[in-house]
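Following: one structure in structure tokens, then a few remarks.
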Ligand code: ATR
């Protein structure tokens, strides 16, 4: 029997998940399929409840359905429960399970691409307070950082996110970022700044400690202006593509029964797709 999974959301046209999971299905010789399902929020709850009837082993959930998906789960893992959102669903024992794997992907990518990135787990500086930021902050707290400083243009949004995670997460006004840069083991951009067509995130990177790692969750373009500047200044940098690749691992394992590897060959396939679409550079 062909095992089937899909990416759901609106829009799903631009999702790279079919490329990712399609690569692994072929690489491991699995009789499976990974499809796209355009699912508007109005019908999303019904769709997720009827995964089994539709012949799916599970699915990914992208915008704007992650909270809706969470709300229909029978079992939420710790990450989904903490974030109130799910991006990976699977059926197990007749129940609908869900996880949020972005934080896992973020950490696994850093572990693989920049060993020792977490330094003394002293201080992480996260810029941006949207949905992606929540997953990153949750993951950094889980990794054991003493302090996660969350800087955002709209301070209230940073305060709201920080309040979800306890005293180790401290909100900070955007214009005060310079005050903590010298303490950070890692700087993470979780804003949309630097995305193709947006203004860049410009920070005085000279204030960072030389061993600090600079990371961006944006991957279109792959080399964001922030990463370019950090790399030119001699910092270790980690781009957002690796997070995308790693966040797919738990879902693939649940649906298809194999824990897939994130290899240089896989990354090259995704990089080639970005290149073909003119998305490597800003
Ligand atoms: P997502 O859920 O994908 O993280 P989002 O909720 O739209 O996306 O969040 C985008 C983030 O980029 C926010 O932190 C936003 O800051 P505000 O909360 O102040 O809106 C940040 N952002 C977007 N444009 C920005 C800009 N020009 N300057 C500073 N921050 C910006």
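Glycine residues also receive a Cβ, built from the backbone N, Cα and C atoms like all the rest.
What you are looking at is a predicted structure, and each value in this text was computed from that prediction instead of being measured.
Site annotation for shikimate in TrEMBL covers 15, 16, 17, 87, 102, 219, 247, and the matching candidate from 43, 62, 202 is 62. For the NADP(+) site, TrEMBL gives 78, 128, 129, 130, 131, 132, 152, 153, 154, 155, 156, 157, 240; the one candidate out of 107, 177, 217 that the record lists there too is 217. Calculated from their C-alpha atoms, the gap between residue 87 (shikimate binding site) and residue 129 (NADP(+) binding site) amounts to 18 Å. In this structure, 129 are the binding-site residues from 87, 129, 217 whose C-beta falls under 6 Å of some atom of ligand 1. Between the alpha carbons (Cα) of residue 247 (shikimate binding site) and residue 217 (NADP(+) binding site) lies a span of roughly 12 Å. DSSP assignment over the domain 'Quinate/shikimate 5-dehydrogenase/glutamyl-tRNA reductase' (122-192) gives 31 helix, 20 strand, 20 coil.
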